[in-house]
Structure formats: C-alpha cells, structure tokens
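Below is one structure; the comments refer to it alone.
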Amino acid sequence: MDLRELERDNTGRCRLNSAVPAVCRQEPCVLGVDEAGRGPVLGPMVYAVCYCPLSRLADLEALKVADSKTLSENERERLFAKMEEDRDFVGWALDVLSPNLISTSMLGRVKYNLNSLSHDTAAGLIQYALDQGVNVTQVFVDTVGMPETYQARLQQRFPGIDVTVKAKADALYPVVSAASICAKVARDQAVKHWQFLERLEDLDTDYGSGYPNDPKTKAWLRKHIEPVFGFPQFVRFSWRTAQTILEKEAEGVIWEDSEAAAPEGPGRITSYFLQEEPQNRPRGPHRYFQERGLEAATNL
C-alpha cells in the first residue's frame, strides 16, 4: 500500500484508492464499510470501503477474509496482497483522518463528535465509490452508535441502495471483513512510518498499543510532552488521557485577558462599539482589534 501522499502531509486527511475494476462499473456490486483506529489516543483513524460484483462474492469469500482484529499483522498483509492480486474484481478506497483533524474537530467552537465524524466519513466513501462509477446496489456497514439510527440515516442519503448496518458486521459479512483488513493494514503502516513534524529528542517508536489504558502508551505520552506546546501531532489531544497528562505535566497558561477585572454584571452590547464612561471599558483594546487596526466607533 502506497502511503507516500500521507507521509508528505499527515496533518489533515488523505484519501487513497485502488483502480476501479471494469466489471465493477458494469455489474451490480456489494460494498462493505469498516474502520481501524477509532479508540487509540495515538495515530490516525482509517475508514475503508471494499467492493466487488455480487457475482464474484463467493470468490472474495474464498480468500478467507475475516475480522482484522482476529488476524495477526502478517495475516492481514497476506490477505491484502491477495486482494491486490484480484484487482480485476476487487476494489477499495480509504480515508485516513489524522490525529490533528480528529482533535480539532472535536474541540472546535462548533463541536463535531467522533460519531458524527465517523458517520460522515463512511457516507463520504460510499459516495466516492459511486462517483468513481462503481455500480453499488448493496452496502454493509459495521455500526458506530445505534445501528437503527445509523442505517436510517444512510438509507435516506442513498435511497437507491439496500443498506444494512449491524454490530460486528466485520465478522458477519466478508465484504466488511475485507474493508476491515484494508483499514487496519493502512493504519498499521501509517503508524509505523509516521513522519513527525516536531523535532523530538530520543524518539521512542515503541508506542505500545496506542490505547489510552495501555501503561506503555501513557509512558510514551509523558516522555514526549513539551511543557509549553504539548504533544506532537501524532497524539489526539482531545482524548481524556492526553488532557489529564497535559494538566499534570505541562505548564499552566495565563491568557492575556485573565487578569483584567471584569465589570460586575452583564454589560451592555453597545459598550463594545460606543465610547462610554471609562469604568465600563476594558483596559486597552484586545490584541485581536490591534492586529486588525480596529478602533471603537463613536457613531454608528
């Protein structure tokens, strides 16, 4: 799997895909959706779709694909290589979401939780397959959250497709198992070859499992925290584990407005625009206004 595009820029998201087999444009296809790396505090989350014609589903099953969590890394690599050999009827696409994108989404002014991000990414990959000309007629998805709600949402977006959302779909449907393998292989390679933007001294690449409750992962976080700037972008700083370590190990921050005395009670909105008595105004304009050359207006 070629992840050079991700290695060039791992701060946002990266979409990768195989060539679309000609038969997948001509015949009705089944498509599976699964992810890898939803829970870890380290590294990206990868969503994947895998698809093949309904007439060749038995051939996909013959590869002995299974839930990626039940397979060793070598077994996953071997099965992915087999799918690549069968590129005349099997196709796939990935969306790799960086830790930075996940955390900034979750901690933005408008909250974008992990479930919503997951749902939208899955729907985006289904749409991507359709846009590439894949003749998708059936979709199977490993659920995130309540399967009934998730299925209804996808069915509404793709009314011409038969959508099934189930818990443990990666163990029930071979096409979802294949997607699971694609996602896990991509995440494993992304973590193994992660390009750190930060200059880290004595970088330890033994991260443990990457899950928040892993003592080795916690030790890695403590070792590589920067007292002022926090963690490298390899870390999902929106995770509670990372936040707890930041609170204990990093320096406290006093924002420039913190010491300014706030007026008692709510002020009038016009006080932000009109010249009023000095006691009701903050001590000097905020840097936001200074940098933009903005001044208080006396007349509106």
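Counting begins at 1 with the first residue displayed.
Cβ atoms here come from the backbone N, Cα and C positions, even for glycine.
Note that TrEMBL annotation is computational and uncurated.
As written in TrEMBL, here are the features:
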- Asp34, Glu35, Asp142: divalent metal cation binding site (BINDING)
- 28-251: domain 'RNase H type-2' (DOMAIN)
If you count other Cβ atoms within 10 Å of each one's Cβ, which of the binding-site residues Glu35, Asp142 has the most?
Asp142
Taking the Cβ of Asp34 (divalent metal cation binding site) as reference, which residues of that chain separated by at least 6 in sequence fall under 8 Å from it?
Tyr47, Ala48, Ser68, Val141, Asp142, Ala169, Asp170, Val176, Ser177, Ala179, Ser180, Ala183
Looking only at the domain 'RNase H type-2' (28-251), report the model's average pLDDT.
94
Near-site residues: divalent metal cation, ref Asp34, Glu35, Asp142, CB cutoff 8 A to centroid:
Val33, Ala36, Tyr47, Ala48, Ala122, Val141, Val144, Ala169, Asp170, Val176, Ala179, Ser180, Ala183
